[in-house]
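One structure is given here, and the rest of the page talks about it.
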Amino acid sequence: MASAKGAGDITSAMQARADPALDEKDLDQVSHRKAADQIIHRAKTAAENERTMTLMQGIKLYPKAIAWSVLISTCIVMEGYDVCLINNFYAFPQFNRKYGVQLPSGEWQVPAAWQAGLSNGANVGELIGLLINGWVSERFGYRYTVIGCLGLIIAWTSLFFTAQNVQTLLAAEILCGIPWGVFQTLCITYASEVCPVAMRGYLTTYVNFCWGVGQEIGIGVIMSMLKRDDEWSYRIPYALQWMWPVPLMIGIYFAPESPWWLVRKGKLDEAKQSLLRLTSTDRETDFNADDTVAMMVHTTALEEKTTSGASYWDCFKGHDLRRTEIVCMVWAIQNLSGNSFSNYSTYFLTQAGLDPTSAYGFALGQYGMNMVGVFGAWFLMTLGIGRRSLYLYGLCGLCSMLFILGFLGLVPAEHRRESSIATGSIMLGWALTYQLTVGTVCYSLVSEISTRRLQIKTVVLGRMLYIIVGIICSVLTPYMLNPGAWNWSNFTGFFWGGVCFLCIIYTYFRVPEPAGRSFAELDLLFERGVSARQFAKTEADVFGEDVASGVLDNYHKRSSISHVEKP
């Protein structure tokens, strides 16, 4: 039938050319309409195949995409490792003696001001990296951007290893923060663009698992150094950062580029080849790479109709402003829900009365919860629980536990040991709840809510707000916990519990449910201004929308799909 239809189209076109009543403009319009119809027909077929694809079918069809996405997401392990080091070194006796000052009590501590400065140094570098990534990755592609950043990590890790004072540590944090900022958004974007709808939530949230791996390794390395009493106790952990970049650079060099990025650049033949490298077509006979490329072309054309440009300023225009706002807030809420408080877990627990070994033991369990929580979130998603529900109910649980932490501060001093153990247990429960919901689901939400055309820049803006909020939190938290400053201890839970309650209200009214929607369907729902609470119930027929045939024809002319009839 398809070949007969193709022959009929050719015959009609020849008849149209033979008809003197039709001028050249009419012939062009006929040709454009046929090009658009062919792409839309293919796109509709691919969209229907994705909509009906189960998770197991996706795994069988896209095993290579899973492997490549996992490889690139492993770059996040490095960032999780270093962030874990600097925040947990504040409870490390040898580190404090080298870079801290002696308090009147005889205890050595890095001053609260320098704690805030070191923690925020990476944040400042990440802001720079994020802004650079919004331009560099869209211009040069994801692979070469990641490889270049890994090279910078190799060079700047030497500053950590040789630092003789806190000023050098601060410089290292800022410089290494630049490539880390690139990894934060690029890994998520790549994961969302190399897989079908059925797998999108899993590969994007795997990024959070990588954070957990890096933190777990960091805590394990610090614990192994507790018995050392020399400078190598903190230099070895920094030196271990050199073990990641070279293997990753080699692997990523051979990775396929994102097919969505190639489509946006008009490289449709390369997009098809990339898709074939990401899939195992021998396991799924219904898959057609030409149809999938056509779906990407249709979605890109639809976004070109509704989005005038692809600059940072366009993220704040029309309905894209709403998408940018949600992405920014969903990411900022990670810090506002008490995550920055949790990042200082070992320091907090030592101030609550635990010895360093016990405090690091609790932290090791906490970061282990981070990894387990990701798999738990995957399990909940397979049960059909939506991203919005997980995010909202997770915030409710976190808020409750933060208030419990606050009330534990009222325990009398003679029961401080028992109170500190209860505090550590609650923090483990908080960490598990966070990773089951807010910490993991956030990565899926930000990648799905942003439009393809502006995705890199929207995610960059969201991560920038996350970092800015993180800087504020990183300034406040050391003062809240440091015995030489405000010394709030457990009462800090009351502050973050109140902020978390406000986050619950925002999420209920503003965060929609993107699960199971194609990128084109999400574009249409946002364009129509559908409220967050009605998102899951609203039907969206993207192929009933008018898309300029000239736009599709431009893609059609550059692609081999115009010459390959669907069997």
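Each residue, glycine too, has its Cβ placed from N, Cα and C.
According to TrEMBL, the features are:
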| type | residues | note |
| --- | --- | --- |
| DOMAIN | 68-515 | domain 'Major facilitator superfamily (MFS) profile' |
| TRANSMEM | 141-162 | transmembrane segment |
| TRANSMEM | 169-191 | transmembrane segment |
| TRANSMEM | 203-226 | transmembrane segment |
| TRANSMEM | 238-255 | transmembrane segment |
| TRANSMEM | 364-383 | transmembrane segment |
| TRANSMEM | 390-413 | transmembrane segment |
| TRANSMEM | 425-446 | transmembrane segment |
| TRANSMEM | 458-481 | transmembrane segment |
| TRANSMEM | 493-509 | transmembrane segment |
Please figure out which one of 169-191, 203-226, 390-413, 425-446, 458-481 racks up the most CB pairs under 8 Å against the transmembrane segment (493-509).
390-413
Winner by Cβ pairs under 8 Å against the transmembrane segment (203-226), considering only 141-162, 169-191, 238-255, 390-413, 458-481:
169-191
Sequence-remote contacts (6 or more beyond its ends) of the transmembrane segment (390-413), Cβ cut-off under 8 Å?
330, 333, 337-338, 341, 377, 380-381, 419, 422-423, 426-427, 429-430, 433-434, 436-438, 441-442, 445, 488-494, 496-497, 500-501, 503-504, 507-508, 511
Do the transmembrane segment (238-255) and the transmembrane segment (458-481) come close, with at least three CB pairs under 8 A (pairs 6 or more apart in sequence)?
no
